[in-house]
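Undergrad: Under the heading active site, charge relay system, Swiss-Prot lists ASP139, HIS194, SER495, citing sequence analysis as support. Under the heading domain 'Inhibitor I9', Swiss-Prot lists 29-106, citing sequence analysis as support. According to Swiss-Prot, the domain 'Peptidase S8' annotation covers 111-556, on the basis of sequence analysis. Annotated domain 'PA' per Swiss-Prot: 350-411, in sequence order. Swiss-Prot lists ASN170, ASN217, ASN360, ASN416, ASN433, ASN577, ASN615, ASN633 with the feature N-linked glycosylation site, giving sequence analysis as the kind of evidence. Residues or ranges marked as signal peptide by Swiss-Prot: 1-19.
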Amino acid sequence: MAKRDYFCFVVLFLSSVSAVIDDPQNKQVYVVYMGSLPSLLEYTPLSHHMSILQEVTGDSSVEGRLVRSYKRSFNGFAARLTESERIRVAEMEGVVSVFPNINYKLQTTASWDFLGLKEGKNTKRNLAIESDTIIGFIDSGIWPESESFSDKGFGPPPKKWKGVCSGGKNFTCNNKLIGARDYTSEGTRDLQGHGTHTASTAAGNAVADASFFGIGNGTARGGVPASRIAAYKVCSEKDCTAASLLSAFDDAIADGVDLISISLASEFPQKYYKDAIAIGAFHANVKGILTVNSAGNSGSFPSTTASVAPWILSVAASNTNRGFFTKVVLGNGKTLVGRSVNSFDLKGKKYPLVYGDNFNESLVQGKILVSKFPTSSKVAVGSILIDDYQHYALLSSKPFSLLPPDDFDSLVSYINSTRSPQGTFLKTEAFFNQTAPTVASFSSRGPNFIAVDLLKPDISAPGVEILAAYSPLGSPSEEESDKRRVKYSVMSGTSMSCPHVAGVAAYIRTFHPKWSPSVIQSAIMTTAWPMKPNRPGFASTEFAYGAGHVDQIAAINPGLVYELDKADHIAFLCGLNYTSKTLHLIAGEAVTCSGNTLPRNLNYPSMSAKIDGYNSSFTVTFKRTVTNLGTPNSTYKSKIVLNHGAKLVKVSPSVLSFKRVNEKQSFTVTFSGNLNLNLPTSANLIWSDGTHNVRSVIVVYTT
């Protein structure tokens, strides 16, 4: 009887599923990716997209089906399709992939001083080219009236600029903010603050006396304040869709931006041909445009980063030497030090403390709520929580502090020791963090889930407690109850580290405007400050910070670089078993995969390999080629630094001699060591001519 009931259920279930699939009213938005634009003069993308829809729907009127048409920089469209229509489109000639219109998420000044790019005459700049540099920000829009985007002292936009200012009602561009496009129907004005913050972090003007209610007071500025900004709004207050992202890439590439900064990430890693950011960034790379992308805020577990393509510079978040703390003063006079950005000054007035996890609102009204778990109250004066994981300052709409476990236990002991426990908050102060830089707990980690032999993220940069411009329409704590409005705010996330590296890339480009995206990426990675794990565990190693912490001063003059072009990336995809037919569409030209390409031999600045096995020895080989961008008649000697589990690294040849600039030399690295499930085996290869130290991270792991 049970089996019969189960069988009936399955039949009914499958019947209902079939009915849903075939229901013409059940349409969803899908992205149809068709690769590069055909070079045929008579080809019109929009007409082709419409004809595809007409064919699969059997209807000549399909205007209501088409959502987006990608026709300026690559080929494809977004449309409302039923499941059966999706299947038919996916099977059509000329289609690379069809994937759901998934949602991407926002990955939500002293930081530049920490990086060595100080304000003033001592910082080397090439202002003429910096002013000719255009950074495209794909984000939540921008607040054009911010002082960070004033065009005082700016000349007209560069002649290469082909974009427009279509920001919507009461939105005006200028000679600093030269372009604006909206894909949300809200207008390009930033309603959240995120896009304003990221744009000003990379390219904002120097604004004196910027602070968050007096906290972090100083000069807020971007890494390249003389550069131009183009804002592409893809994030509404509701979502950031794949279809909108691809439209922004399509326009930004054709508009003539020099760099793209995108502080967004999908919830999970996607295959490259189904990832809007990977698709857009690939076509940007082909046009000589580097895409810098946040690694994600999914925390310190392995394989959480979704920014995993080799043609993207993926950025983890780390802290700086400035942090914020908030003191809690108890009724017995003891002071405890926690983390938060608390702008509220209680003037020393003490309030009753109540400890627990679940309370009726009437029990906490007018009191300070103390809890081990995240909680909120509309009527409590403020809250104190335990910080056993975050290790960075959060904002709240009320007085708030995160106490380290020992101090939290001390607070609970005090509460239990008296009938009338009391306490108060002091306003947040800044402190000097001697342990910086360390990777933030929220920053997403590798290993790379899509291409296991490619190390991601690539680099780490400041992303903790960053002060930058903000939208007056946004809540600084992102809480609806927070009615404060500010021009500058403090935010943390890989969303903040991404524009730091975009600013660094733009800074490098001002000295080397003809450098390709891969050369700039290599220069940033091979000159990074070495970092070490700040906590035990597999995901706290190179999988947390990649090559290390960005050093833009050294990156201007890297010595040797690892170059990549379109053909290298296509060969890499061959090694991932993409078919020649698919790659022909992506590349826009004939592709023949040789069948013996190993992804680990992509000429990437880092080296990584996943090996099957456990507690066993291994030997793996990497092949690389470097280009001399230093001085002619130079000789580089190899040096190896062995880390955990590494036994031996052989480099052949161990010495590279160059007679001229732009000369290339190839070498092989043979790495031997022991596999360990708990830690990757790693080493550093350093090529040095006595002036330049070109460092590559080598990581071998098993899972």
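The backbone N, Cα and C atoms fix where each Cβ goes, and this holds for glycine too.
Fair warning: this is a prediction, and the values are worked out from it, not measured in the lab.
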Undergrad: Around ASN633 (N-linked glycosylation site), which residues of its chain at least 6 apart sit with Cβ under 8 Å of its Cβ?
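TA: ASN633 (N-linked glycosylation site) has long-range Cβ partners PHE658, LYS659.
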Undergrad: Could you please provide the mean pLDDT value for the domain 'Inhibitor I9' (29-106)?
TA: 94
Undergrad: Where does ASN170 (N-linked glycosylation site) sit by DSSP, helix, strand or coil?
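TA: ASN170 (N-linked glycosylation site) sits in coil per DSSP, no helix or strand.
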Undergrad: Would you identify which of the glycosylation sites ASN170, ASN217, ASN360 has the most other C-beta atoms lying within 10 angstroms of its C-beta?
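TA: Per the Cβ count, the most surrounded site is ASN217.
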Undergrad: Taking each of HIS194, ASN217, ASN360, ASN416, ASN433, ASN577 in turn, which of these recorded positions have a Cα lying within 10 angstroms of the Cα of SER495 (active site, charge relay system)?
TA: HIS194
Undergrad: If you skip the near sequence neighbours and keep only those at least six away, which residues in the chain come within under 8 angstroms of ASN577 (N-linked glycosylation site), Cβ to Cβ?
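TA: Listed in sequence order: nothing, so none.
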Undergrad: Measuring Cα to Cα, how many Å separate ASN433 (N-linked glycosylation site) from ASN170 (N-linked glycosylation site)?
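TA: Distance between the two Cα atoms comes out at 43 Å.
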Undergrad: From the Cα of ASN416 (N-linked glycosylation site) across to the Cα of ASN360 (N-linked glycosylation site), what is the distance in angstrom?
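TA: Here the two Cα atoms lie 20 Å apart.
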Undergrad: How many whole Å apart are the CA atoms of ASP139 (active site, charge relay system) and HIS194 (active site, charge relay system)?
TA: 7
Undergrad: Cα within 10 Å of ASN217 (N-linked glycosylation site): which of the recorded positions ASN170, HIS194, ASN416 qualify?
TA: none
Undergrad: Name the residue among the recorded positions ASP139, ASN416, SER495 whose Cβ has the smallest number of other Cβ atoms within 10 Å.
TA: ASN416
Undergrad: Using all protein chains shown, find which of the recorded positions HIS194, ASN433 scores highest when you count other CB atoms within 10 A of its CB.
TA: HIS194
Undergrad: In Å, rounded, how far does the Cα of HIS194 (active site, charge relay system) sit from the Cα of ASN416 (N-linked glycosylation site)?
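TA: Each residue's Cα considered, HIS194 (active site, charge relay system) and ASN416 (N-linked glycosylation site) end up 42 Å apart.
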Undergrad: Work out the three-state DSSP category of HIS194 (active site, charge relay system).
TA: helix
